[in-house]
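Feature annotations, reproduced from Swiss-Prot:
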| type | residues | note |
| --- | --- | --- |
| BINDING | HIS212, HIS214, HIS286 | Zn(2+) binding site |
| BINDING | ASP309 | substrate binding site |
Amino acid sequence: MRIVDINERLAISGQPNTDEFINFARRGYRSIINLRPDGEEPNQPGNDAEQAAARRAGLAYNFVPVIGTSITEADIQAFQRAIATTEGSVLVHCKSGTRALMLYALSEVIDGRMKRDEVEALGHAHGFDLGRAVTWLERQAIQTPRVSGFFDPRTSSIQYVVTDQTTKRCAIIDPVLDFDEKSGATATTNADAILAHVEQQGLTVEWILDTHPHADHFSAAQYLKQRTGAPTAIGTHVTEVQRLWREIYNWPTLSANGSQWDHLFADGDVFNVGSIKGRVMFSPGHTLASVTYVIGDTAFVHDTIFMPDAGTARADFPGGSARALWSSIQTILSLPDETRLFTGHDYQPSGRHPRWESTVGEQKKANPHLAGVDETTFVALREARDKTLPMPKLILHALQVNVLGGRLPEPETNGRRYLKFPLNALEGAAW
């Protein structure tokens, strides 16, 4: 196995045997990064075996599985984090070393330490063909809009800043207001990270959009509106969710007319992010009010389709329907195959890094809930799976905030705010 030194901290290689890990430690490496998805080849060791071998050798270990033809910025960020969080020398491997060098080159270009026209020469200097990296950079340069994802590990949610690079105007989608259910504390860490990005990039926020009233996190829409002055929006069917939860919460004073948002989008409505046209698709199933935002060559599909290795979202919340979810997914999959899809959650199957971008074509080919599956099979699969899932731990906390557009309850006479929980209102207890 050939090891290629790229710089004083980074070396790359093809697939090593796990019995070589102890020798890597003796040679001074401190960390192994495995870029190979499990199952690429019948004889590869796999994530579990490599992790165990690294532990025995006293090496740090990171699993960042990527496919050379579908690398995303989330993959590049995970690669960068894995290197940055390790002291000392790092050995990165894939099958041949090409993906490892490709991720390094893309990282260097994105961070401004390397010019695009230097990528191929880097590959040739080390005996690799980086043509795919060049193609990736060329494709990224013409993608519209530019999408930046912000992963919240507490709720496994992804928040987005969607930017028109020409006008420097942007939309924020599904922002998270931090909440700790043990202490009852709220914070704006996630939202402030988004604001810092907006300021750093010199952007003007044109929209603050929620895809649906979330059951697993509080929306930061109101906080961001206060900070930016941008209007908030959601799908018009939010009124049905408000009426449903008004009854569950026994909340007769809740105005179930959607007035908590500045704009309600109907199916087919159009809007702009700078000079880029956006379109709203009604996508019920996960909730009664879910919408997909199609902006340029992207679609923000919230809790309908997860990453191809993670299947689809649940449909057993009050007002949910597996059959409606199937129909919504089929509408999404009718978009062009090259459409970039951005999901609302990633639960990191097999312990991999967070990912959130795929394409329509990738979903059709690789998602086990969709590839070769018909409606009847999907509904049976989805309903059976949902029966095994407990309710989200924040559903009763979050909905009373999110049906108000992200507003916290008003303070009571002692100046404190309170949440209200109905008992025995929902099925799905995990005893």
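Placement of Cβ uses the backbone N, Cα and C atoms for every residue, glycine included.
Taking the C-alpha positions, the distance from the residue listed as 'substrate binding site' to HIS286 (Zn(2+) binding site) comes to 19 Å.
Close to HIS286 (Zn(2+) binding site) in the fold, though at least 6 residues off in sequence, lie HIS212, HIS302, ASP303, THR304, ALA313, ARG314, ALA315, PHE317, GLY320, LEU325, each with a CB less than 8 Å from its CB. Neighbour count (other Cβ atoms within 10 Å of the Cβ, all protein chains): 27 for HIS212 (Zn(2+) binding site).
Close to the recorded Zn(2+) site, the chain also has THR211, PRO213, ALA215, THR287, ALA289, SER290, HIS302, ASP303, PHE317, GLY344: residues not among HIS212, HIS214, HIS286 whose Cβ is within 8 Å of the site's Cβ mean position. Each of the binding-site residues HIS214, ASP309 was ranked by the number of other C-beta atoms within 10 Å, and first place falls to HIS214.
In the three-state DSSP classification, ASP309 (substrate binding site) falls within coil.
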